[in-house]
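Asker: Among the features that TrEMBL reports, FAD binding site is placed at Lys53, Thr145, Gly146, Ser147, Asp311. Taken from TrEMBL, the feature NAD(+) binding site covers Gly182, Ala183, Gly184, Val185, Val186, Gly187, Val188, Glu189, Gly269. What TrEMBL records for Cys44-Cys49 is disulfide bond. Under the heading domain 'FAD/NAD(P)-binding', TrEMBL lists 7-321. The feature domain 'Pyridine nucleotide-disulphide oxidoreductase dimerisation' is assigned by TrEMBL to 360-465.
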Amino acid sequence: MTETKRYDVVVLGGGAVGENAAARCASGGLSVVLVETDRFGGECSYWACMPSKALLRSGHALAAARRVGGAREAVSGDLDANEVLRRRDSFASHWNDSGQVDWAEGAGIEVVRGNAHLVGNRAVEVRGAEGALRLDANHAVVLCTGSAPNLPPVPGLDQVEPWTSREATSAQRVPSSLAVLGAGVVGVEMAQAWARLGSEVTLIDTGSRPLHGMEEFVGELVAQGLREDGVHLRTDTSLSRVTPEEGGVRLELQDGSSFSAQRLLVATGRRPGTEEIGLETVGLRPGEPLSVDDHGLVRGVDGRWLFVVGDATDQPRLTHQGKYAARIAADVIVAAADGTDVTGAADWSTYTATANHGAVPQVVFTDPEVATVGRTSSQAEREGYRTSTVDLELTVAGAVLHADGYRGSARMVVDEDRKVVLGVTFVGQDVAELLHSATIAVVAEVPLERLWHAVPPFPTISEVWLRLLENYGM
Ligand SMILES: Cc1cc2nc3c(=O)[nH]c(=O)nc-3n(C[C@H](O)[C@H](O)[C@H](O)COP(=O)(O)OP(=O)(O)OC[C@H]3O[C@@H](n4cnc5c(N)ncnc54)[C@H](O)[C@@H]3O)c2cc1C
Ligand SMILES: NC(=O)c1ccc[n+]([C@@H]2O[C@H](COP(=O)([O-])OP(=O)(O)OC[C@H]3O[C@@H](n4cnc5c(N)ncnc54)[C@H](O)[C@@H]3O)[C@@H](O)[C@H]2O)c1
């Protein structure tokens, strides 16, 4: 007979997002169980954000030193690839999740290892090493089952053991050559990381430039940076066939050309982890991203008990944005358990994920870095805003002091009716830390007239704000 346990909240998936949802429900006084089929900490900790940024960081530090006269002369060698990989291993906790389990238990969360799926209204079944367990929820079930790489139907792909982001972030050796399919965020970050570690990298995309969903100048500057690291860019094309060969893979491109590489990384997007979690038992279609409202409730299910956050949704696939949605969903659940229905709460309340609409920040950790928030100029136009756009070369004193020959650009998109900032994009070395200022301007809808009084210290890169406002006409 299957054992049954009852909790206030059952959370499926112990990635960063599930952990946050569980912890906030627990700190709100609810009993919570968190079920994870693989490692607590999920993709971000072991095969995504943390190891990928660790692979990039040493190369960025070395490039930064080489851009400053006086420091440049002190740099005599190349990256120590083995040391970079060792450092990366420690940032992935050596793929051991015991620290995360300790943290979860310390936060008052019950943890269960096993594969979980819905079996009906407020009911979950878990299959684990110790058999089956049924978990009934008094208040809510939260789906945080994440996403997995999406492989395109390229003939021969199943014969060549392609890398996905998992192998690209955890490999223990530098391949002599690496072909990367997809010049999105994963593609550009991993292309640069492995190129700087000594691999000969070719990056292929159907689009006309890397990161083609972002402002046009982003792709141009990132492409320039990648080329300087020796990355070969093949745009407006894709793979027509791959075949295994001695020592690697033979790649045939749609433009008729072909080449060989030791490894092929496929980085062409993600599919949501919604295939085998019992969605059919509650009337939903498996395999699709789950449509979610601003309170975290799954659309199409009655009773306000089924929530979803993170990569399994139709919202931006970013750790920080998933954790934001998790905090909001948890607060909605805790309030409802206390007898308060907050699902009609206003935009920008702590129960509503309003920032998902037009205020999502993202950093692409290449060199040059890309930092964006809010709407691009074309998005704003498509959404019917009357906009103006201010473009700027990053030549402020802080930038040129930061690195000899500093290269970067910025764009600010302004809503002409309200005179507020709709979106900002920065590209350049170390612009990531500038981004939160832009996020605050966008979220707070600070009128430009007031922003004029936020004086950037001299000589910092943040003087870009002054130049953007001056170029706007202030
Ligand atoms: C290479 C790479 C680099 C990235 N870098 C960044 C970055 O720098 N910054 C950023 O913000 N985002 C980054 N992302 C995106 C980020 O990793 C994801 O948005 C984030 O991990 C999503 O968290 P999640 O908890 O929703 O999903 P996941 O991290 O995928 O966690 C879901 C968890 O659910 C578990 N699970 C699935 N099904 C079940 C089941 N049936 N029962 C029990 N458990 C289950 C899985 O084992 C997994 O542990 C990166 C992604 C990649 C691929
Ligand atoms: N720093 C970060 O914030 C960060 C880093 C890595 C990943 N992520 C997240 O992970 C998710 C997945 O990233 P991703 O790079 O895999 O997806 P993506 O959607 O960002 O990029 C996929 C790229 O693959 C290309 N492509 C798709 N099919 C192709 C084909 N058959 N042939 C050639 N090119 C093809 C697309 O044109 C696109 O440029 C994203 O949602 C991203 O937000 C974030």
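Cβ from N, Cα, C; glycine included.
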Asker: Does any of Cys44, Lys53, Gly146, Gly182, Val188 have a Cβ within less than 6 Å of an atom of ligand 2? These are the recorded positions; tell me which, or none.
Answerer: Gly182
Asker: List only the single closest residue to Val188 (NAD(+) binding site), chosen from the recorded positions Cys44, Lys53, Gly146, Ser147, Asp311 by CA-CA distance.
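Answerer: Going through Cys44, Lys53, Gly146, Ser147, Asp311 one by one, the closest to Val188 (NAD(+) binding site) is Lys53.
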Asker: What is the set of residues, excluding Gly182, Ala183, Gly184, Val185, Val186, Gly187, Val188, Glu189, Gly269, whose C-beta falls within 8 angstroms of the centroid of the C-beta atoms at the NAD(+) site?
Answerer: Val180, Met190, Pro210, Leu211, Ala267
Asker: Other than its own, how many Cβ atoms are within 10 Å of the Cβ belonging to Gly146 (FAD binding site)?
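Answerer: Step by step: centre on the Cβ of Gly146 (FAD binding site), count other Cβ atoms within 10 Å, giving 26.
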Asker: If one looks at the chain holding Cys44 (disulfide bond), which residues at least 6 apart in sequence have a CB under 8 angstroms from its CB?
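Answerer: Looking at Cβ-Cβ distances below 8 Å from Cys44 (disulfide bond), excluding near sequence neighbours, one finds Gly15, Ala16, Met50, Thr319.
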Asker: Using Cα coordinates, what distance in whole Å links Cys49 (disulfide bond) and Val186 (NAD(+) binding site)?
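Answerer: Rounded to a whole number, the Cα-Cα distance is 10 Å.
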Asker: So of all those binding-site residues, Gly182, Gly184, Val186, Gly269, which one's Cα sits nearest to Gly146 (FAD binding site)?
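Answerer: Checked the binding-site residues Gly182, Gly184, Val186, Gly269; minimum Cα distance to Gly146 (FAD binding site) goes to Gly269.
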Asker: What is the one among the binding-site residues Thr145, Ser147 whose Cβ has the most other Cβ atoms less than or equal to 10 Å away?
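Answerer: In terms of Cβ crowding, the pick is Thr145.
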Asker: Could you check which of the binding-site residues (Gly182, Gly184, Val186, Gly269) sits closest to Lys53 (FAD binding site), going Cα to Cα?
Answerer: Val186
Asker: How many neighbouring Cβ atoms, not counting its own, are there within 10 Å of the Cβ of Asp311 (FAD binding site)?
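Answerer: The answer is 31.
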Asker: Counting only residues 6+ away in sequence within the same chain, which have a CB under 8 Å from the CB of Gly184 (NAD(+) binding site)?
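Answerer: Looking at Cβ-Cβ distances below 8 Å from Gly184 (NAD(+) binding site), excluding near sequence neighbours, one finds Asp205, Pro210, Leu211, Gly213, Ala267, Thr268, Gly269.
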